[in-house]
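This report concerns only the one structure given below.
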Amino acid sequence: MVRWFHRDLSGLDAETLLKGRGVHGSFLARPSRKNQGDFSLSVRVGDQVTHIRIQNSGDFYDLYGGEKFATLTELVEYYTQQQGVLQDRDGTIIHLKYPLNCSDPTSERWYHGHMSGGQAETLLQAKGEPWTFLVRESLSQPGDFVLSVLSDQPKAGPGSPLRVTHIKVMCEGGRYTVGGLETFDSLTDLVEHFKKTGIEEASGAFVYLRQPYYATRVNAADIENRVLELNKKQESEDTAKAGFWEEFESLQKQEVKNLHQRLEGQRPENKGKNRYKNILPFDHSRVILQGRDSNIPGSDYINANYIKNQLLGPDENAKTYIASQGCLEATVNDFWQMAWQENSRVIVMTTREVEKGRNKCVPYWPEVGMQRAYGPYSVTNCGEHDTTEYKLRTLQVSPLDNGDLIREIWHYQYLSWPDHGVPSEPGGVLSFLDQINQRQESLPHAGPIIVHCSAGIGRTGTIIVIDMLMENISTKGLDCDIDIQKTIQMVRAQRSGMVQTEAQYKFIYVAIAQFIETTKKKLEVLQSQKGQESEYGNITYPPAMKNAHAKASRTSSKHKEDVYENLHTKNKREEKVKKQRSADKEKSKGSLKRK
């Protein structure tokens, strides 16, 4: 779950946001302006918005008769996980799928957003350095925050973990305070002040803020600010390392968690099939060649792994990739066997055949207009198209024993990646991926996209991670949470060493920042063309902007509270909830009556 709570939003504002920027299933929560202490859940249902009142009894939160929860967060999480449970009074199912988030209150990396006290304690105690701190959202009081600090005292006696102190940070009238007379304009000002003075507890003991615990999660729409933060040098005089170095080093230290078996690649009969002796596929995710003689050891082996986008749910049709090493003379036939059995129609090659005099990949296709047999398959090069950044080959593949069964395969070779480092700017890579995705989307029954470079981990990992993040943002919206470090960890759990260098790590950030900036501009143009009263459902978005919507900000409103609809949960009695309308909404087109 992410930051779906909007402190200063009226019902009319919520309706405007959800209609103008949301998609079906987008939702947000806000304080009730009718009943102090209660909350409202506003949900986009088709082209309309439903407002659901949430009761805060003082002991629990519920939907006036639904399940009861200790916190607002638990209530929202329950109904997002239990799809189909919420119904409108006319039986229309209400889906909570995509949170419409507020901006982060700060771009500082010590802000972790949505995090429980237990999760904060686990992180800080694992760090083990007294006076390490972070700031997170308050789950018990939405709109407030918590400063979690690792003390220098054990929690329960000698040998036990250090105690974590949680200090509530209240946001009152747009100012921040931990209580007392001191108030601050921003969270950053508050933290900077108490880094200098410490915080005195009621007992008289002091809590100090000495070492921030940095987050890698970021609101996608705020990634440009995060890039600026990561480019800053450390404050200490003995080092000039920037945040990108810190994050990448932290990622490298976590590589020990991915020590999965790689026994197949180590077999003597398979050693000649590996371009580099220590870059081997994990057994649990390796591509197994089908139809091979089981009596021949290693005959089903190829140095390639399936890579699944686990950022999206099973109902969101996330792409699957195959990450492979570049072909050797001994593996070309196996490569075409893999492409055929997986029904892959798009191959992405991110290297030249030779770079700086070194062989990177054996050409596994014939010259233009030529046909060649590779094992049991015939491959014909029907044509090549050169662009500034890449070359596109159209290949036809068929089994030698069935020439009438022909598949067309599009081979995209990126030619502008420098021999060392990364491209100077990401525009070429983003355009390249846009063409690839348009092709893949035009082939509804196509199998995984095959991506390879030379070793199949550096450029290959970089391209796959960028594409995964773009797909995630395009599905969930520009204000969704992304975590580049954790995304790479997820990919590395499927193939070892994906994303090899700090430069590649930073390039992913820069590429996603440019993708978001470009998408924002395209979305603004589309919205201006449709006019302010436009409905998302009437807009045809480009593939890379599917479901994209702009970020909501924490803005106050003078509007009054508006419509609530009677609502019930399945197997619960229908509650009678009186509709509340402001005078200017009496004849609003926002009525939720369904046809």
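Quick reminder: no glycine exception, Cβ is built from N, Cα and C everywhere.
The domain 'SH2 1' annotation in Swiss-Prot covers 4-100.
The 10 Å shell around the Cβ of Ser10 (phosphoserine) contains 21 further Cβ atoms across the protein chains shown. Taken from Swiss-Prot, the feature phosphoserine covers Ser10 (among others).
The Cβ of Ser57 (phosphoserine) lies under 8 Å from the Cβ of no residue that sits 6+ residues away along the same chain. For Ser57 (among others), the entry in Swiss-Prot reads phosphoserine.
According to Swiss-Prot, the feature phosphotyrosine maps to Tyr64 (among others). Around the Cβ of Tyr64 (phosphotyrosine), 17 further Cβ atoms fall within 10 Å across all displayed protein chains.
Among the features that Swiss-Prot reports, domain 'SH2 2' is placed at 110-213, with the record citing sequence analysis. Mean pLDDT for the domain 'SH2 2' (110-213) in this predicted model: 90.
Here Swiss-Prot flags 244-515 as domain 'Tyrosine-protein phosphatase', drawing on sequence analysis.
Lys308 (ubiquitin cross-link) falls within a strand segment according to DSSP. Positions annotated as ubiquitin cross-link by Swiss-Prot: Lys308.
For Tyr377 (among others), the entry in Swiss-Prot reads phosphotyrosine. Taking the Cβ of Tyr377 (phosphotyrosine) as centre and 10 Å as the limit, one finds 19 other Cβ atoms among all the protein chains shown. According to DSSP, Tyr377 (phosphotyrosine) sits within a strand segment.
Residues annotated as phosphothreonine in Swiss-Prot: Thr394. Other Cβ atoms within 10 Å of the Cβ of Thr394 (phosphothreonine) number 15 in total over all chains. DSSP assigns Thr394 (phosphothreonine) to a strand segment in the three-state reduction.
DSSP assigns Ser454 (substrate binding site) to coil, not to a helix or a strand. The Cβ of Ser454 (substrate binding site) has 24 other Cβ atoms within 10 Å, all protein chains considered. Positions annotated as substrate binding site by Swiss-Prot: Asp419, Cys453, Ser454, Ala455, Gly456, Ile457, Gly458, Arg459, Gln500.
As annotated by Swiss-Prot, active site, phosphocysteine intermediate applies to Cys453. For Cys453 (active site, phosphocysteine intermediate), other Cβ atoms within 10 Å of its Cβ number 26.
Marked as region 'Disordered' by Swiss-Prot: 535-595.
Per Swiss-Prot, phosphotyrosine is recorded for Tyr536 (among others), and the stated evidence type is similarity to another entry.
Annotation source Swiss-Prot lists compositional bias 'Basic and acidic residues' at 558-589.
Annotation source Swiss-Prot lists phosphotyrosine at Tyr564 (among others), citing experimental evidence.
Of all the recorded positions listed here (Lys308, Asp419, Gly456, Gly458, Gln500), the one with the fewest other CB atoms within 10 A of its own CB is Asp419. Cα of Gln500 (substrate binding site) to Cα of Tyr377 (phosphotyrosine): a span of 34 Å.
Between the CA atoms of Gly456 (substrate binding site) and Thr394 (phosphothreonine) there is a gap of 22 Å, rounded to the nearest whole number. The two recorded residues, Asp419 (substrate binding site) and Tyr64 (phosphotyrosine), have Cα atoms 63 Å apart. Here substrate is bound by Asp419, Cys453, Ser454, Ala455, Gly456, Ile457, Gly458, Arg459, Gln500 per the record. The longest Cα to Cα distance in that group is 15 Å. Note on the domain 'SH2 1' (4-100): DSSP counts are 21 helix, 32 strand, 44 coil.
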